[in-house]
Amino acid sequence: MSYSNHSSPLPFILTGIPGLEAAQFWIAFPFCTMYIMAVLGNFTVLMVIRADASLHQPLFYFFSMLAAIDLVLVTSTMPKLLSIFWFQTHEIIFEGCVVQMFFIHGFSAVESGILLAMAFDRYLAICRPLHYSAILTGRTIAKLCLAAAVRGIGLMTPLTCMVSSLSYCGTHVIPHSYCEHMSVVKLACGDTRPNSIYGMTSAIFIVGLDITLIAISYALILRAVLGLSSREARLKSFFTCGSHIGVILLFYVPGFFSFCVQRWGQSIPVHLHILMADLYLLVPPMLNPLIYGMRTKAIRERVLSLLRQ
């Protein structure tokens, strides 16, 4: 069977987790639980920050952006994934596949930019505290968030357009739980090297640049913290950065693993790779509200006060 996306392309078939088809029904239960926790956690954070004027500060604005992005990421993938696991609805129309790909890769790139902005926020708070309010004004915060969004979506839009312009022949079965870029490109006939090169270059540019700048920020922060004379001040500074470092590791480490395995990890079992890729889009959005919310006193106290009512 062959088809071309230029003339009524046939739907793709998402297999779920190849090799674990018999267990997918039961795997869906913890996945659903984590999805509900992610939605409730991020939605709660957004509502708390919006309602409490004392939280209208730069760090919490960035945190709100992070929560909104996480809601987009889990909602663009998990409902379809759960329907595959529970109801065997494997088909996804071509347009739906491209839209899902756009949301996954585009908003992941935006999230990387927001994490970089949050590192800049921590740098100013610890290394330039006297200039913090003057530099991180509302206008500056809006510009940083807009820059992260324009860069991420701007770089990922050509990627999805290039996928849409390909012709597809042979199998239309995607050995994945969602429409990941390389998994779709591998089904195309013809020369797909431009797609692969652009996808890898964009990923390296975004992640490489952001990780480098984040590392520089924290190197400067570490130098400033170690220079503090008070042990209590050093511990407080490390504590304020601990949540952000945890979120950074949670976002980049599994993503880097999935990226490398997709391209060079032929020796790694497929089901392990797909399972890790699924959890990559689910676990960080679930844990981010806990890491930031529960370790941030203002958010924690506000949530507890709401629960007592």
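Keep in mind that glycine also has a Cβ here, set from the backbone N, Cα and C atoms.
Per TrEMBL, the features are as follows:
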TRANSMEM  25-47  transmembrane segment
DOMAIN    41-292  domain 'G-protein coupled receptors family 1 profile'
TRANSMEM  59-78  transmembrane segment
TRANSMEM  98-120  transmembrane segment
TRANSMEM  141-168  transmembrane segment
TRANSMEM  203-226  transmembrane segment
TRANSMEM  238-259  transmembrane segment
TRANSMEM  271-292  transmembrane segment
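Using the rule of three or more Cβ pairs under 8 Å, pairs at least 6 apart in sequence, the transmembrane segment (141-168) is not in contact with the transmembrane segment (271-292). Segment contact holds for the transmembrane segment (25-47) and the transmembrane segment (271-292), given three or more CB pairs below 8 angstroms at sequence separation of 6 or more. The average pLDDT computed over the domain 'G-protein coupled receptors family 1 profile' (41-292) stands at 88.
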